[in-house]
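What Swiss-Prot records for this protein:
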- 28-126: repeat 'MBT 1' (REPEAT)
- 134-235: repeat 'MBT 2' (REPEAT)
- 233-350: region 'Disordered' (REGION)
- 272-283: compositional bias 'Basic residues' (COMPBIAS)
- 304-319: compositional bias 'Basic residues' (COMPBIAS)
- 329-340: compositional bias 'Low complexity' (COMPBIAS)
- 576-591: compositional bias 'Basic and acidic residues' (COMPBIAS)
- 576-595: region 'Disordered' (REGION)
- 597-662: domain 'SAM' (DOMAIN)
Amino acid sequence: MLVCYSVLACESLWDLPCSIMGSPLGHFTWDKYLKETCSVPAPVHCFKQSYTPPSNEFKISMKLEAQDPRNTTSTCIATVVGLTGARLRLRLDGSDNKNDFWRLVDSSEIQPIGNCEKNGGMLQPPLGFRLNASSWPMFLLKTLNGAEMAPIKIFHKEPPSPSHNFFKMGMKLEAVDRKNPHFICPATIGEVRGAEVLVTFDGWRGAFDYWCRFDSRDIFPVGWCSLTGDNLQPPGTKVVIPKNPSPSSDVSTEKPSIHSTKTVLEHQPGQRGRKPGKKRGRTPKILIPHPTSTPSKSAEPLKFPKKRGPKPGSKRKPRTLLSPPPTSPTTSTPEPDTSTVPQDAATVPSSAMQAPTVCIYLNKSGSTGPHLDKKKIQQLPDHFGPARASVVLQQAVQACIDCAYHQKTVFSFLKQGHGGEVISAVFDREQHTLNLPAVNSITYVLRFLEKLCHNLRSDNLFGNQPFTQTHLSLTATEYNHNHDRYLPGETFVLGNSLARSLETHSDLMDSALKPANLVSTSQNLRTPGYRPLLPSCGLPLSTVSAVRRLCSKGVLKGKKERRDVESFWKLNHSPGSDRHLESRDPPRLSGRDPSSWTVEDVMQFVREADPQLGSHADLFRKHEIDGKALLLLRSDMMMKYMGLKLGPALKLSFHIDRLKQVFWKRETILWSREGLSREVWPISEDTALGHFFSGMDKVFGSLSKR
C-alpha cells in the first residue's frame with residue numbers, strides 16, 4: 001500500500017510503467033492515439049472552422065454584444081470573464097454567474113458594442129434579469145459608462161459552412177463537452193444521419209452523447225487545441241476504446257488503471273476522473289498487480305473498502321453498470337460525466353435552471369384538415385406530457401408528421417431551429433431530420449403549435465386543457481354567447497378561420513356576413529403572445545339576418561334602402577343593446593379611459609376583475625404599471641418580468657382584452673377574396689357604418705359585373 005500526503009508525492013507516481021492508450025500519463029498525443037486505435041481523423045473541410053485558427057486578442061472585462069443563448073431573439077450586453085484558446089467565456093450583464101457560456105472569437109453571435117443599434121435593433125435585458133424591467137435603460141447606461149469596449153478589429157468573420165455533410169462513421173475529432181463547455185475532449189463520429197452527426201466521447205460510457213449538425217461550432221478537427229492553446233482532455237478510462245470501431249461491437253468492459261487520481265473513482269458510476277496534478281484530500285490504495293487484466297462482463301467490478309462521497313453541491317446521476325447505450329452505435333458512448341468537477345458558473349447547464357413542464361391535449365373529435373389522416377389521429381394518445389416543454393413540443397410535432405398523408409408537406413412547414421429536440425420525416429426515399437427551436441416557455445409551445453395547425457388547416461387540434469364533449473359540441477353561435485365562461489388558453493382553439501372561396505353569389509354573401517366568419521378586433525390587434533379563443537361575432541345575429549333579407553331583394557342602390565339598413569344598424573347598436581359584447585363588463589372605474597389610469601387605478605381594476613387576483617395587485621405597484629402600460633401587457637411578459645404563474649397571467653390577459661373591447665369598440669369585417677382587404681377601425685359606430693356600406697357597394701358592384 002502506498003499512501004502519499006502531498007502533491008509532489010502523487011506526481012512521483014507518474015513514473016510508474018503505465019500508459020493510457022499508448023500515451024504516457026498526462027501526455028496525450030493524437031499521433032500515437034490514432035495509430036493505436038487504427039482511426040482516421042476527420043478532414044478539416046468537414047468542419048465549420050477556420051483553416052487557420054483565429055487569434056484571441058480579447059481581454060478580461062471587455063464588453064461586447066452577444067445573443068442570449070436562452071432567448072436567441074434577444075441581443076444583450078456581455079462581459080468577457082474567461083479566455084481559453086480561441087474561445088471566450090461570457091456573462092450577460094444583469095444576469096448571475098450561473099448562466100455563463102462560451103463562444104468562439106469568430107462566432108457570428110458576438111458583435112462589437114453598437115452593432116445592434118446600427119442595424120435598427122434594441123439591446124434587451126437577459127432572460128432572468130435580476131432587476132425591475134423598467135430599470136433596464138438606466139442599468140444599461142451605468143453598465144456602459146466608462147466600460148472597456150471590445151474594439152472592432154479583434155472580432156473575426158465567421159467561416160462558411162461546408163457544402164454538405166462530409167463526416168463518416170468512425171472519424172475522430174475534438175468536441176466540446178456540452179455539460180461542461182470549458183472541456184474539449186477526443187471524440188468519435190458514432191453515426192451520420194442526414195445533416196446530423198452523433199458525437200461520442202472516447203473512453204466514457206453512459207447515455208450522454210449528443211447529436212449536432214455537421215456545421216456545429218462545438219466540434220473541431222484533430223489538433224485544434226494544440227494550435228489554439230486550448231486544453232484537450234485525455235480520453236477516459238471507463239471503457240476500452242476498440243481499434244476497429246463497429247456499430248455491432250459489444251459494450252467494452254472496464255480496464256483497471258493506476259492513473260494518479262482516477263483509481264478511486266474509476267468504478268463509481270456517475271463520476272469523472274481528475275486531471276493529473278489536482279489536489280485531493282486522500283490518496284487511495286494503488287493496485288499494481290495485473291494492471292492490464294480485463295475482467296469479463298459477468299465479473300463484479302473492483303470495490304474499495306471506502307468510497308468518497310460526492311462533494312457538497314455536486315449532483316450524481318445514477319447509471320446502470322454495463323447498460324447498453326440507447327443511441328450510440330459504438331462502444332464509446334457518453335459525454336464525459338462531470339460529477340467531480342466543481343459546479344461553477346460554466347458547468348451548470350442553463351436548461352437545468354428552468355425546465356417548464358407542460359401537458360398538451362389532443363382533440364381527436366376536431367377537424368384534422370386536408371393534410372392529416374383522421375384514422376391515425378385516433379390512434380394517438382389523448383395527451384402529450386406532462387414533461388419538459390421541449391419534449392412535449394417534439395412529441396406533438398412528430399405526431400403531426402407521423403399522421404400526415406404526405407410527411408413532406410408537414411415537414412416543409414417547419415424551419416431549422418437551434419438547441420431544440422430533433423424531429424424526423426421520411427420522404428423521397430430518405431430520412432430527413434430537423435432541429436426544433438429551443439423552448440423557453442410554455443406559451444411558446446402553444447404559439448408554435450397554433451401556427452403549425454393553422455398551416456395544416458387543422459384548427460382546434462391541440463389544447464392545454466382536456467377537450468370535453470360539451471365544448472366540442474358548441475357551435476360558433478353558441479360559443480359567441482357563452483365564451484365569457486372560458487379563459488384564453490383554457491382550451492386552445494385556434495382563430496383566423498378565413499373564408500373559403502365560394503362558387504355562387506348567394507354563398508358569397510352568406511360567407512361575408514356569416515357570424516362564424518367575422519373576426520373580432522382582439523384577434524387582429526392582439527400583440528404577440530395573445531391567444532384568443534374562437535372569434536367573437538362582430539355583428540348581432542338580428543342585424544345579420546336583416547341585412548341578408550335586404551340583400552336578397554337586390555343590390556342596395558337607392559338612398560331609401562340605405563337609410564333602412566342604417567336605421568336597423570343603429571337600432572341594434574344603441575346603448576345597452578350591444579349583444580355581441582359579454583354580459584358582464586369589466587370594472588369601468590367611473591367610465592374613465594384606461595390609458596389615463598394611475599397605478600392605484602390599475603390595482604383597483606385587478607382586484608375588482610377577479611377577487612382571486614387581488615393578491616397579485618401589489619406587483620403592479622412594485623413595477624409601476626399604469627394604465628398605458630397595462631394595455632400593453634401580455635401573458636408572456638407578466639410571466640417573464642413579473643414572476644406570475646401561467647394561470648394568473650392568462651386570467652389577467654383575458655380581463656385586459658375585455659377591457660379593450662368595452663372601451664374601444666372596433667368592428668372587423670372579414671370579406672371574401674373579391675378584391676377586398678380586411679380592415680380594423682378604432683373609430684366611432686357612425687364612421688364604421690359608412691365603411692360598411694362602402695364595402696357593401698364594392699361587393700355588389702363586383703357581383704353586378706358578372
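Backbone N, Cα and C atoms are what each Cβ position is placed from, and that goes for glycine too.
Note on the repeat 'MBT 1' (28-126): mean pLDDT across this stretch is 93. Residue counts for the repeat 'MBT 1' (28-126) under DSSP, helix first, then strand, then coil, are 15 helix, 28 strand, 56 coil. Taking H, G and I as helix, E and B as strand and the rest as coil, DSSP gives the repeat 'MBT 2' (134-235) the counts 19 helix, 29 strand, 54 coil.
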